Amino acid sequence: MGPWGEPELLVWRPEAAASEAPVPMGLEVKLGALVLLLVLTLICSLVPVCVLRRPGANPEASASRQKALSLVSCFAGGVFLATCLLDLLPDYLGAIDEALAALHVTLQFPLQEFILAMGFFLVLVMEQITLAYKEQSGPPPREETRALLGTVNGGPQHWHDGLGVPQAGGASSAPSALRACVLVFSLALHSVFEGLAVGLQRDQARAMELCLALLLHKGILAVSLSLRLLQSHLRAQVVAGCGILFSCMTPLGIGLGTALAESAGPLHQLAQSVLEGMAAGTFLYITFLEILPQELATSEQRILKVILLLAGFALLTGLLFIQI
C-alpha cells in the first residue's frame, strides 16, 4: 500500500533483481580455481622435498639439517593442531548438524562424538594389529620391545628410531608408515570435502572467497605435511608422491562438487559428514599421539620448540580468523 492508502503498482525491474541476486558461479571460474589450487599446492608440497632432502657433504651438515628439520616440524605441528581443533572439527560438527536438521532428525545419543571416536579407534586398532603381526614374525630385539608411543626405559631419545628408520626386527617402522598413510588419508579426505564446498557453491563472490582462503590454507598445509613426512624419515620419492596425492584432492573435490551441484541433498550431506567425522577422528589420533609427543619428547631446545609450536598454531588461527 502507498502512503495514502492507495495500492502500489508492482513493477518488476530486471536491473534491480540482477543487482540483488547472487552472480551465478560460472564453470570457467571453477576450472580456474581447480588449476590454481593444484599448481600452488603441488609447488608447496615439493619445495621442502627439494630443499631438505639434499645429501649432506659431511656428518655435521647432516646433523644440522636434522635439527633444523625438527624445529620446522614443531612449527608444522602447531599448524596441524590448529587444523584439527579449529578447522576439521568445526567443519564436521556444523555439517552433520545441518544434515540432521535438514532430515528433521532429533537425537538423544551423541552421534557426532561417537563417529569421532570410531575414527580414533580405527587407527588405534589398525596400528596394534600391524604391530602384533610384525612382532609375531620374529623375536624383536630388546630395544624394539617398547610401547607404540615410543616411551621406553632407555629414555625419549629412542623415539625417532620408530619413525620409519629400518630396524633389525622391523616392528617399529610399520606403525610409523601406517601413521604417515593415515595422516595423508585424513588430510586428503578433508581436502576433497573442502573442494566439494567450492564445487557446490553457486554464488560467485562467495566461491571466490572460498578459493582464496583455500589457496592460503592448502599452501601452508602442504608445506607442513611434507615436513611431517620428511621428519618420519620416509624416502623423498614417497614424500613427493604423497604431496602430489594431497595436491590433487581439493581439485578433485571441486570437480565432484560441480558435477553433483544439481543432485546434492540431505542424505548426500549426511554421508559426507560421516566420512568427514571419521577423518577428523583419525586426525585427532595422529595429532595428539604422534605429532605432538614426538616433537616434544626430546630434551633439546624445548623452549624454542614450544615457541615454534605456538607460532604455527597462531598462523593458522589468524588465517581462519581472516576467513570469518
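Every residue, even glycine, has its Cβ placed from backbone N, Cα and C.
Residues or ranges marked as topological domain 'Extracellular' by Swiss-Prot on the basis of sequence analysis: 1-30 (among others). Confidence annotation: the topological domain 'Extracellular' (1-30) carries a mean pLDDT of 54 in the model.
Swiss-Prot lists 52-68 (among others) with the feature topological domain 'Cytoplasmic', giving sequence analysis as the kind of evidence.
Counting residues per DSSP class in helix, strand and coil order gives 13 helix, 0 strand, 2 coil for the topological domain 'Extracellular' (90-104). Swiss-Prot lists 90-104 (among others) with the feature topological domain 'Extracellular'.
As annotated by Swiss-Prot, topological domain 'Cytoplasmic' applies to 126-179 (among others).
Residues or ranges marked as topological domain 'Extracellular' by Swiss-Prot on the basis of sequence analysis: 201-206 (among others).
What Swiss-Prot lists as topological domain 'Cytoplasmic' is 228-237 (among others), and the listing cites sequence analysis.
If you look up Swiss-Prot, you'll see 259-272 (among others) marked as topological domain 'Extracellular', on the strength of sequence analysis.
According to Swiss-Prot, the feature topological domain 'Cytoplasmic' maps to 294-303 (among others), an assignment based on sequence analysis.
Marked as transmembrane segment by Swiss-Prot on the basis of sequence analysis: 31-51 (among others).
Look at Swiss-Prot and you will find 69-89 (among others) tagged as transmembrane segment.
Positions annotated as transmembrane segment by Swiss-Prot, on the basis of sequence analysis: 105-125 (among others).
Same-chain neighbours of the transmembrane segment (180-200): 30, 33, 37, 87-88, 91, 123, 126, 164, 207, 210-211, 214, 218, 221, 225, 228-229, 232, 234, 242, 245-246, 249-261, 264, 272, 275-276, 279-280, 282-283, 285-286, 290, counting only residues six or more beyond its ends whose CB sits under 8 Å from a CB of the stretch. Among the features that Swiss-Prot reports, transmembrane segment is placed at 180-200 (among others), with the record citing sequence analysis.
Only residues 6 or more beyond the boundaries of the transmembrane segment (207-227), in the same chain, are considered here, and those with a CB under 8 A from a CB of the stretch are 25, 29-30, 33, 36-37, 40-42, 44-49, 52, 69, 72-73, 75-76, 79-80, 83, 87, 183-184, 187, 191, 194-195, 197-198, 201, 239, 242-243, 246-247, 250, 312, 315-316, 319-320, 322-323. The transmembrane segment annotation in Swiss-Prot covers 207-227 (among others).
Among the features that Swiss-Prot reports, transmembrane segment is placed at 238-258 (among others), with the record citing sequence analysis.
Counting only same-chain residues 6+ beyond the ends of the transmembrane segment (273-293), those with a CB under 8 A from a CB of the stretch are 76-77, 80-81, 83-84, 88-89, 91-92, 95-96, 99, 112, 115-124, 149-150, 159, 179, 182-183, 185-187, 189-190, 193, 228, 309. Annotation source Swiss-Prot lists transmembrane segment at 273-293 (among others), citing sequence analysis.
Sequence annotations record features per position, and here Swiss-Prot assigns transmembrane segment to 304-324 (among others).
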Recorded stretch, among 69-89, 105-125, 238-258, maximising Cβ pairs under 8 Å relative to the transmembrane segment (304-324): 69-89
The topological domain 'Cytoplasmic' (294-303): DSSP-derived helix, strand, coil residue counts: 6 helix, 0 strand, 4 coil
Region pair the transmembrane segment (238-258) / the transmembrane segment (69-89), three or more CB pairs under 8 Å: no
